[in-house]
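Sequence annotations record features per position, and here TrEMBL assigns domain 'STAS' to 510-633. Per TrEMBL, transmembrane segment is recorded for 131-148, 160-181, 193-211, 240-261, 268-289, 330-350, 362-384, 396-414, 421-438, 458-486.
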Amino acid sequence: MGNADYVYPSTNVERAHRAAIPPPQPFLKSLKYNLKETFFPDDPLKQFKNQPTSRKFVLGLQYLFPIFEWAPSYTFNFLKSDFISGITIASLAIPQGISYAKLANLPPVLGLYSSFIPPLVYAMMGSSRDLAVGTVAVASLLTASMIGNEVDANQNPRLYLHLAFTATFFAGVFQASLGLLRLGFIVDFLSHATIIGFMAGAATVVIMQQLKGILGLDHFTHSTDLVSVMRSVFSQTHQWRWESAVLGFGFLFFLLTTRYFSKRKPKYFWVSAMAPLTSVILGSLLVYLTHAEKHGVQVIGYLKKGLNPMSFTDLVFVSPYLTTAIKTGIITGVIALAEGIAVGRSFAMFKNYHIDGNKEMIAFGAMNIVGSCTSCYLTTGPFSRSAVNFNAGCKTAVSNIVMALGVMVTLLFLTPLFHYTPLVVLSSIIVSAMLGLLDYEAAIHLWSIDKFDFIVCLSAYAGVVFASVEIGLVIAVAISLIRLLLFVARPKTFILGNIPNSMIYRNVEQYPNTSSVPGVLILEIAAPIYFANSGYLRERIARWVDDEEEKLKSSGETTLQYVILDMGAVGNIDTSGIGMLEEVKKVMDRRGVKLVLANPVAEVMKKLDKAKFIENIGQQWIHLTVGEAVAACDFMLHTFPPNPLKEDSEAYNKV
């Protein structure tokens, strides 16, 4: 960067335009606008404007129950596609539901209950056409971990079950509240890097927990960290059962092979989708024919026949367990929301339609509230099941209804057939599903793009694997918030230079061919100015000025006369920020340097005017563009000699 070749753009110093001060707005009107932008950025009420009362009622009904919007145009061709998709995901939901219920230390039949009622609720209230509703491994693990810390599922299974229902109820209330109050942005505090690391860590923990079933162990640690699990496994080598291990690794190989085949041949997606149910059938037949349950192979045993019993009276709203239920519900609810909405948006992008995040939260909340009253535990939209639904060609949420009907038939007539299903097969199904969450390619992608995001991801993973699921989540969220605070508290500032033969000024590091403006330092502040960063900006601006003066002094060029602050990226400013600008102006005045502002936005101009800062600095030193500010400074430099007081002030400062 240099100024030898710099040519001032020719411009008239008399500006045709001035940086305008916006007209004052009534407080209530301003408050209404800010609240609308915060909570209703998508303007959901726009469709109700200028509509008769009857039409508003219909639109409101369609908003809460999207099924009334698309059902009138539903066709037989859609039904054929949804029927095939529903049957396919039912074949996956049945074994997965049983497996995840065991993972949550709940009766296996609850996995089937949770794949019956909640999908019906979501089909009426959800806005995604591709999401397949059901239980997920991570939420199951969190339920087992958090409730298990208070109540032992083996010693007091009834209380444990009731707390699981209560936690699901509070998860639903929390989710629905976020949607109704338009607070969905809270879920965004779980960054993409956080979710990748947390999910991978949770998947690793789930896989380690399955060693109990694969090795046929009767006793196992309740802790989820790597050290405790490995100690529990290798301290019981004399109790390992080779029969279980052979079955487990055999079915795991079968499941992974079918998944690999379906990935290589996408049109055969149904092969991997049917593999879990096929494993259950083959495993049950093998145990039944060989009486393997008498040789150490553990089986599911009796499964209750019939539809979901009501469980509203089982909810626990008394101490000392209420706090545990609320905490478990909120944490599992946030994780379920983050996964379900992310999955729904991903598939919506493929099919070029939009889903409303707040409506999804209401739908998730409603299905979990209803589910908690009908013997279900936490459900969301798992990626594996939704991917199968998508690949099977689903058209609408009717595929969830078909899946629920398939589960209903199973509950009414087929549960006795699962009596001989070996637990080791369920462990293999879980391990196979969890391996898909170990997304190492995404971690490598984070490393290549943003090292800090990779650290967040790795911290979440390490926290979950080496400490606990809750601690890993806390660590990941804490690091993400620290990074957010650093973005706010340490905003970027840049020196701008002129792109040759133009009135454009850009970052000199990004555009090395830019020219500096003799006697003028142009700085861009790339963030709002708040109390959290005003002190830093004051020090950073002073350092920029010191560096520029030292550089000019060493090169023997003209002294620094003007500092232009490009405020175009400063979307807002508070009283601390205004105080910072006032301090900077005083310091610049003492040093014989003139402070100039360029391109302040309306909100900033309004506050600067109310604080009398515009009057203090002078309206003539606030410009619409950096180009106009430079032209004005150029005019002053060529019309008037440099301020002689500057040298005196420098000498005074050295004393």
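Glycine residues also receive a Cβ, built from the backbone N, Cα and C atoms like all the rest.
If you look at the transmembrane segment (330-350), the same-chain residues 6 or more away from its ends with a CB under 8 A from one of its CBs are 126-131, 136, 138-139, 142-143, 146, 167, 170-172, 174-175, 178, 184, 186-187, 190, 195, 198-199, 357, 360-361, 364, 368, 378-383, 386, 390, 470, 473. By number of Cβ pairs under 8 Å, the transmembrane segment (396-414) is matched best by 131-148 from the list 131-148, 160-181, 240-261, 421-438, 458-486. Between the transmembrane segment (160-181) and the transmembrane segment (193-211) there are fewer than 3 Cβ pairs closer than 8 Å, counting only pairs 6 or more residues apart in sequence, which means the two stretches are not in contact. In this chain, the transmembrane segment (362-384) lies apart from the transmembrane segment (458-486): fewer than three C-beta pairs between them fall below 8 angstroms, excluding pairs fewer than 6 positions apart. When each of 193-211, 240-261, 268-289, 458-486 is checked for Cβ pairs under 8 Å to the transmembrane segment (421-438), 240-261 comes out on top. For the domain 'STAS' (510-633), residue counts in helix, strand and coil come to 66 helix, 22 strand, 36 coil, using DSSP.
The transmembrane segment (193-211) shares more Cβ pairs under 8 Å with 458-486 than with any other stretch in the list 131-148, 240-261, 458-486.
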